[in-house]
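> Sharing a structure here in structure tokens format.
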Amino acid sequence: MRIVAPVMPRHFDEAQAIDISKYEDVNLIEWRADFLPKDEIVAVAPAIFEKFAGKEIIFTLRTVQEGGNITLSSQEYVDIIKEINAIYNPDYIDFEYFTHKSVFQEMLDFPNLILSYHNFEETPENLMEAFSEMTKLAPRVVKIAVMPQSEQDVLDLMNYTRGFKTLNPEQEFATISMGKLGRLSRFAGDVIGSSWTYVSLDHVSGPGQVTLNDMKRIIEVLEMDISN
């Protein structure tokens with residue numbers, strides 16, 4: 001699994017003050033730009049992209065509809081994405097597919113999309129349909145994060161991931177069953193076919209996230225050779 005860690009500055013000075021040494025063991029940086037006022041995102045961008053030069057960066061605008069901190073119309077949402085992409089060409093762009101489906105046609109030329117779906121209330125009954133619809137579009141990554149209400153919800157998310165990965169071996173998935181109940185899914189990526197796991201450093205960006213240090217210890221244990 002590749003490890004993703006968020007940076008969530010609320011203003012330019014916070015972006016400038018980020019200690020990049022904390023991110024040495026992280027594979028990808030997710031810039032959660034939704035913690036900024038919409039008019040400040042482009043102004044803060046140089047601090048992020050210059051500070052993390054050499055690291056792969058995910059540009060994410062997580063809107064309130066999917067558990068984020070910014071309210072945007074779909075057109076505002078896609079316009080900010082386009083502006084950031086035109087200037088900085090981030091390695092990945094997170095696109096909230098079902099929330100902003102009306103402007104998805106404007107994203108068809110983007111080769112680096114993470115099509116994402118977040119549900120902080122439940123694991124919906126139509127989860128398999130969500131997997132299917134996004135997988136058919138063949139983005140760089142299909143990301144699904146849902147909240148379990150039962151152990152079966154956790155198993156369903158993991159089983160769907162394994163099934164879709166088996167049928168679509170070239171497609172990358174990043175799937176999460178959130179909260180304490182779903183934490184197992186964050187550690188099982190290599191088994192179920194989820195390529196990325198999201199961790200926290202200074203601040204948690206999703207329910208059930210573990211710290212980078214804890215994740216490193218867990219991965220070390222999972223990879224131990226225990227043969228006699």
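The backbone N, Cα and C atoms fix where each Cβ goes, and this holds for glycine too.
Computed from a predicted structure; not experimentally measured.
According to Swiss-Prot:
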ACT_SITE  HIS118  active site, proton donor/acceptor
ACT_SITE  LYS143  active site, schiff-base intermediate with substrate
BINDING   GLU30, TRP31, ARG32, ARG62, ARG186, SER205, GLN209  3-dehydroquinate binding site
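In the displayed structure, how are the listed features positioned relative to their neighbours?
The secondary structure of HIS118 (active site, proton donor/acceptor), as reduced to three states from DSSP, is extended strand. A simple way to gauge crowding: the CB of HIS118 (active site, proton donor/acceptor) has 22 other CB atoms within 10 angstroms, across all the protein chains here.
In the three-state DSSP classification, LYS143 (active site, schiff-base intermediate with substrate) falls within a strand.
Of all Cβ atoms in the protein chains displayed, 27 besides its own lie within 10 Å of the Cβ of TRP31 (3-dehydroquinate binding site).
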> With DSSP assignments reduced to helix, strand and coil, which class does ARG186 (3-dehydroquinate binding site) get?
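Looking at the DSSP assignment, ARG186 (3-dehydroquinate binding site) belongs to a helix.
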> Want to know which binding-site residues, from GLU30, TRP31, ARG186, are within 10 Å of LYS143 (active site, schiff-base intermediate with substrate) at Cα; which are they?
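Those near LYS143 (active site, schiff-base intermediate with substrate) - Cα within 10 Å - do not exist; the answer is none.
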> For the recorded positions ARG32, ARG62, LYS143, ARG186, which one has its C-beta crowded by the most other C-beta atoms within 10 angstroms?
LYS143
